[in-house]
């Protein structure tokens with residue numbers, strides 16, 4: 001029989017079968033079903049396939065034994081059906097290239113294929129509906145091939161619908177009606193299948209194959225989720241709901257076979273996508289929310305979806321935590337990404353009402369998630385990893401995460417507290433992590449970023465800065481810190497104080513001061529002694545020494561009187577070796593009966609040190625001890641000046657006058673030690689200005705004029721300003737007035753026009769103090785020689801901002817600066833400090849070259865000539881011939897460089 005004859009014969013048979021009654025189908029089932037299945041396997045026609053499938057499902061399936069459906073029907077029909085459906089998809093993709101409104105033949109072909117696909121899906125829907133109707137509790141073994149084959153067809157249909165714009169290009173409108181039907185039928189089939197699978201019960205003692213089938217179903221639905229995520233929100237959510245429900249329902253049986261990492265990753269991706277959509281909608285809501293506002297209703301719908309996903313993640317994490325070790329990094333990143341879009345400099349601009357709604361509906365669920373993960377060592381490892389290179393926008397979220405975790409630790413068992421509070425080669429402790437990441441939030445600290453404060457009894461919630469937020473929570477944590485972990489607390493605080501990041505160091509100092517107040521007096525005294533020894537042993541001048549000295553100064557104010565006496569005895573002011581320490585101590589910290597004797601003793605020892613230097617060879621190397629003595633005297637004057645009698649004040653003033661005679665202008669510019677001595681002398685002279693000899697004042701002003709012209713370092717200029725502002729208290733006699741006043745005007749003018757904004761600010765402050773106090777009003781207008789200077793002074797006095805910058809522009813600038821300065825400052829090692837530039841340059845033997853002195857002499861002369869030219873350019877217009885001459889000089893320098901290189 002030919003193929004055509006066979007098709008005709010089968011058509012006759014199918015036509016005959018379609019007219020059978022229900023009773024006849026039941027009776028003839030054993031003989032007819034094998035024949036139908038044979039026809040189904042042999043047929044090459046889609047139409048015939050669909051007719052046979054429809055007859056089997058509608059007429060014979062109701063009479064089959066539900067316990068043998070797998071063997072008698074599904075295992076024989078489904079593989080061929082899948083092949084048929086995949087073939088239809090391939091042909092659709094191929095034919096779609098030729099689709100056009102003019103090509104009616106292709107239109108008909110494509111529409112017929114789509115209708116055939118819908119009919120295939122309808123046939124499988126009938127299978128699922130029948131199983132659901134006949135079995136209250138489904139045994140998975142009796143339908144084991146049905147779920148996987150159906151899910152394959154559903155996914156293929158959804159993928160085709162999702163890619164339809166690409167497949168059909170600009171001709172989608174010709175088939176869009178059938179694509180909608182295809183999507184709805186696949187949607188309906190999946191709902192029917194999920195209803196069927198919901199009745200499945202897995203017994204741990206049954207065949208392991210059943211568990212694998214359920215695992216395969218969950219993973220297939222996971223793939224479908226990724227396809228439909230942007231197509232239908234409700235359907236997407238329902239699919240996820242089923243995945244989570246079945247995963248937890250059969251958890252005891254399938255927990256070890258599930259791809260937990262993939263489930264968590266997909267769920268986190270959907271959370272982020274929904275949250276991003278929610279924020280975009282929130283940005284569009286400019287008017288107060290109203291029930292009739294379509295944008296607001298869509299925002300609420302998306303926010304509920306975010307909450308649903310977060311709840312799903314919360315439930316899944318709770319049950320499957322032991323299997324989530326390789327998902328902890330994903331969960332960590334989820335928390336950071338969400339908060340980066342809500343709180344950081346990169347956050348979306350939404351109204352306060354929307355922010356509160358998002359926080360109360362969605363963000364609130366992240367807190368119990370962290371509670372669940374708190375005991376997980378892999379999560380701790382992920383959060384506190386030493387090599388965690390986070391981008392700028394995730395630094396603030398990292399700080400907030402660590403603060404949330406820290407707040408929860410006091411209620412946790414000691415082993416959990418220890419887990420978070422210890423560190424090793426691969427991870428930091430939580431305290432170290434907070435301090436480090438806090439230091440990276442320069443942009444948020446400078447704006448500053450505000451966070452929601454905690455509510456007190458009867459008090460409204462007040463926004464607080466990031467600094468306040470972290471500091472308060474750190475102090476609360478310290479108050480509840482387990483005693484066995486105190487050594488780690490001390491180490492973390494000290495490490496942070498020694499940080500080169502100013503914000504980190506100040507935060508650690510504030511926490512340490514809280515500890516000094518909260519802890520025992522004995523603990524406070526121990527810490528003061530510890531820091532004092534560190535200050536004494538710290539070499540050279542470095543930021544770490546500055547930080548330690550500030551901490552020491554603050555801690556002393558919390559020291560009990562008996563311990564203050566012990567401190568004075570341990571670090572006696574009578575010993576010159578202790579002067580290095582006392583220069584950093586404010587005597588205001590001591591009780592009044594201790595302050596005066598300490599002040600007098602320090603001044604006596606310092607005067608002796610100054611006399612010793614005056615009677616020595618006065619080398620640069622010996623300036624170290626002199627500077628220390630001067631620094632101590634300045635500290636005493638500023639913190640306990642009233643404790644000194646007139647005799648001591650006079651003696652100090654005399655020493656200052658003698659020391660001033662050794663000031664050398666050239667060394668001020670080139671030698672750091674001389675710069676420090678010069679600055680200290682100026683500040684001390686400013687303190688004693690009422691008793692300083694007028695001739696000495698004239699000499700000082702004359703030196704200052706020369707120094708300012710050479711553009712000294714900023715710290716020297718600041719000392720100059722201290723001295724200048726003090727002159728406002730002084731009446732300058734006629735004998736030196738003509739020398740002093742014009743010089744003062746020149747100095748102030750030079751510093752006001754300085755391009756350094758900090759120096760300019762201090763100059764304006766010094767000028768204001770001088771102008772308000774001086775009896776020589778005629779000098780004030782002389783200092784305001786140009787319109788630019790007048791405007792700066794007026795703006796300063798009126799407290800007006802020099803630049804009116806929009807909030808958005810300010811945030812953008814801060815983000816840009818944060819990106820530029822994101823790399824943390826390099827740590828200063830002890831060796832670097834020992835050989836720091838603050839020390840005078842060490843002399844060493846050198847090889848004498850022929851004509852070397854001549855080379856040096858000529859080069860110094862050339863350098864001085866260039867400095868003079870630079871000075872002239874800053875105070876006058878350049879002549880026309882200067883630029884060509886400089887270019888010619890540049891050419892000669894290049895020629896000389898080539899001569900040096902070639903020898």
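Glycine is treated like the rest: Cβ placed from N, Cα and C.
Residue 101 (phosphoserine) carries neither a helix nor a strand DSSP state and counts as coil. Positions annotated as phosphoserine by Swiss-Prot, on the basis of similarity to another entry: 101 (among others).
Taken from Swiss-Prot, the feature phosphoserine applies to 795 (among others), supported by similarity to another entry. DSSP assigns residue 795 (phosphoserine) to a helix.
Feature annotation from Swiss-Prot assigns N6-acetyllysine to 843.
Take the modified residues 101, 795: by the count of other Cβ atoms within 10 Å of each Cβ, the lowest one is 101. Comparing residue 795 (phosphoserine) with residue 101 (phosphoserine), their Cα atoms are 73 Å apart once rounded.
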